[in-house]
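Notes for the one structure printed next.
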Ligand SMILES: Cc1ncc(COP(=O)(O)O)c(C=O)c1O
């Protein structure tokens, strides 16, 4: 029986395209590389969070909320897409960004403000208190705030990627295509939890590999497995042995989160100059750099097909200009 999914508010252009990257595949001389363009979900420069926000936004409206509150890094793509979703749904938006307020108003930080969000700054270790204060202040003036966790990664947000996996399988069936591996950037775990659960629920038989952007593999695996299991329970899907399907590679953490190195620079330039597609410096550049390295090490064979799931983030590019060229 087809499971019943919660309501969503339409925010994304779906389905996102799936394309074959001929010039890049030829250049690397390994498997056939394909890409799924979730950088083209459409909401204020798109990205993976738009799929999550379709369900989080619907839940906020169902609860009678009039304001979205969330948190992220100074160049958070999630924060920018949340600001855009709030604007689209006629809700207010407050963002608690972690770290130092940057001197330059650029990238996502610029877009957050153009989209009408109120931006607050907090040191990482005080962030929860800062979020608590923003929520309390909003309630004190009669607003009804709805809190979205870091990365939109709870069972409601992850549902967006369960259905994204169904979308991909429908595209594969229509084109008589099969992918041996799906590879993407993983950080707060919601994308991977949804993909792993959707793969199980809708019968994808290939491998799913999350390339960690900022967490050690064991910690991220535990987080993704717990979220996939909780999401299965939330949706009434089979949660048995989901943890075994969670595969994370943490070989590409480099100098740390949002520190751009040669791995990211090479990946961004190769994708841009061979295919005319932009990656981002923090997530997809790092993950695609990891995929290039794995191909060079012979982790995939020539006859295989690998899908790189582009999760967006290109709005951050200008903020990293000095480290990209
Ligand atoms: C562009 C981009 N790719 C990938 C991710 C990782 O997604 P998740 O947090 O669901 O693991 C993020 C999260 O912020 C992102 O902005």
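A Cβ is built for glycine as well, from the same backbone N, Cα and C atoms used for every other residue.
Because TrEMBL annotations are produced automatically, they should be read as predictions rather than curated entries.
Listed in TrEMBL for this protein:
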- 76: active site, nucleophile (ACT_SITE)
- 12-312: domain 'Tryptophan synthase beta chain-like PALP' (DOMAIN)
- 49: N6-(pyridoxal phosphate)lysine (MOD_RES)
Exercise for the section: Between the Cα atoms of residue 76 (active site, nucleophile) and residue 49 (N6-(pyridoxal phosphate)lysine), find the distance and write it as a whole number of Å. Expected result: 10
Fill in the blank from the handout: Over the domain 'Tryptophan synthase beta chain-like PALP' (12-312) the mean pLDDT stands at 98
Problem - For residue 49 (N6-(pyridoxal phosphate)lysine), the number of other Cβ atoms found within 10 Å of its own Cβ - result: 37
Practice task
Reduce the DSSP letter at the residue listed as 'N6-(pyridoxal phosphate)lysine' to three states and note it down.
Solution key: helix
